[in-house]
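Asks: Quick one: the structure is below, and I'll ask about it shortly.
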Amino acid sequence: MKKTFVNLEQLQEITQKHPTPFHLYDEKGIRENARRLKKAFEWNKGFKEYFAVKATPNPTIMNILREEGCGVDCSSLTELMLSEAVGFNGHEIMFSSNVTPVEDFKYAKKMDAIINFDDITHIDYFNNIAEMPETICCRYNPGGDFKISNAIMDKPGEAKYGFTRSQLTEGFIKLKNLGVKHFGLHAFLASNTTTNEYYPELARILFKTAVELNRETGAHISFINLSGGVGIPYRPEQNPADIMAIGEGVRQAYDEVLVPAGMDDVAIYTELGRFMLGPYGCLVTTAIHEKHIHKEYIGLDACAANLMRPAMYGAYHHITVMGKENLPCDHKYDITGGLCENNDKFAIDRMLPKIDVGDLIVIHDTGAHGFAMGYNYNGKLRSAEVLLKEDGSTELIRRAETPADYFATLNFTDFMKKNLF
Ligand SMILES: *Cc1c(COP(=O)(O)O)cnc(C)c1O
């Protein structure tokens, strides 16, 4: 059974202060998990996690991870600015972007972030606008299917990212000639994996490629960036990834491939997002309508604009009816939001206890790629974000949007101000 990190009593108290809907984050869970990751890779001297900002772009959350020793992985100008505001700088920032505009590259260079090129043409593109840094990372796309023991995990051959294998050699030579002294190698080959084999398998590919590139080009490889992709158990029957086993699997590949090649000073970097935050956030909502037509519907005060994954990918998010955890799941519901889109359903044909209007409904595992993917369709406003601190108190870490926020970019704001507010 999947459990919420707050109980009904706590939530009733929290909702007195913070009206639903809001995303609630669990500071204790975030910190403990970050420490487990660090422990799993403590065998590697240079290990660093660069938290993927896109997963949860909130400065309070980013600062908690900073206190736990993490850097940040950014992919846009505003993510860089946000990171700068939190106090990240220099090589605490990885810039893993694609289709990168000039101003983003310039800003990353100004901050001395580690730049991770997505394409061989980006070398000249960058060189024309800024001086090439001494440290550069390149993203690898091996193409084809990415398999683990014959099961297809993902299809890199269909992915827009990265250099081909021969482009890596050509790119490294080119970069060396432009003065680059330290190289990183990055790849992201499968998303939301819960098998413990993904990182070790990916590491083996990158380690072998790093040894080849070192032999071919003489480049000094200073780090391997395993990127994101370690998943979380969204479904109650799934097992969580065992981060200690994953760290150990990567260590074995390191000892088998890099150490014999004399490359035992290579640092391991990760850019995890989902794994760092996913389970430590939830969307707290209230049932505001029940509807009985051809199916049974429960309407919430949140919608797909607050959590897009179910509508976008048909993703499963577990749902708990607070206070009814031990009642039989003998009612079949579609749990919906109020968008004028029939895919605005958090769950379809979900067996749950009988829901009454006014019940607090918690949607699990929204800590990563939850609030962050929010949007304003139908004029729906983005919700607040609240932090449950280690001492049990709460802090509003982002207020909810108001209509004024929604209208702020229009050029008849003065009219709106005069007439509506
Ligand atoms: C999205 C992304 C990540 C984080 O992915 P998760 O699945 O959340 O771990 C890391 N690196 C890059 C380049 C990404 O695009």
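Placed from the backbone N, Cα and C atoms, the Cβ positions cover glycine too.
What TrEMBL shows for this protein is this:
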- C340: active site, proton donor (ACT_SITE)
- 30-276: domain 'Orn/DAP/Arg decarboxylase 2 N-terminal' (DOMAIN)
- K54: N6-(pyridoxal phosphate)lysine (MOD_RES)
Asks: Cβ atoms within 10 Å, counted per site: which of K54, C340 has the most, among these recorded positions?
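Replies: The residue with the densest Cβ neighbourhood is K54.
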Asks: According to DSSP, does C340 (active site, proton donor) sit in a helix, a strand, or coil?
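Replies: Reduced to three states, the DSSP call for C340 (active site, proton donor) is coil.
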Asks: Rounded to the nearest Å, what's the C-alpha distance separating the residue listed as 'active site, proton donor' and K54 (N6-(pyridoxal phosphate)lysine)? Just drop the number here, would you?
Replies: 27
Asks: Could you check what DSSP calls K54 (N6-(pyridoxal phosphate)lysine) once collapsed to helix, strand or coil?
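Replies: Helix, per DSSP.
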